[in-house]
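As structure tokens, the structure follows; a few thoughts come after it.
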Amino acid sequence: MGDPCLNSPRRVLSLSKERERATVDKSSGFAVSKENGPNPSEVYGFVGSISTVVATVLFLIWAYIPEPWLQSVGITYYPSRYWAFAVPIFAMVAAVLAIGFYVGLNFMVTPPPTSFNTMFDEYSREATNFADTTRGEEQPIEPLSDIGINKINDLMFNSLN
């Protein structure tokens, strides 16, 4: 307990977990982990990244190598070159329209600034008179409520005088 480095409960807990996970191999003197094998999310990420790179290389070969070269290699069946330009353009236009639609939908459902719905809704609660009945060190927390606009205006503008 006299170790000055172990002053934090988190540090003590993390060190105890490290000791549980690793055992020392007697022949080599190195710590050997009890957990064997890769994490499944790491495997999926690795396979996904390799698949993405392979698909991108195949797309670029299909899009930019001339047709006679592909036919000389023996590749005779492939989609039309029209799709090399149509699909990325379609994806970009769809993304721009989706963002525009999302922003427009938010503008449509937002009430105007003059509406009372921006200040009050069905979940608004008025502050109740909270009588402090206990006089001591521990006091109860006041019930949750909204601050009225008149109190906010009074605090912001009348306290300046």
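A Cβ is built for glycine as well, from the same backbone N, Cα and C atoms used for every other residue.
Feature annotation from TrEMBL assigns domain 'PIG-P' to 41-157. The domain 'PIG-P' (41-157) scores a mean pLDDT of 86 in the predicted structure.
What TrEMBL lists as transmembrane segment is 43-65 (among others). Within the same chain, residues 78-79, 81, 84 sit at least 6 positions outside the transmembrane segment (43-65) and bring their C-beta atoms closer than 8 Å to a C-beta of that stretch.
Packing against the transmembrane segment (85-109) from elsewhere in the chain is no residue: none 6 or more residues past its ends has a CB under 8 Å from a CB in it. Feature annotation from TrEMBL assigns transmembrane segment to 85-109 (among others).
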*Counts by DSSP class (helix H/G/I, strand E/B, coil) across the domain 'PIG-P' (41-157)*: 71 helix, 0 strand, 46 coil
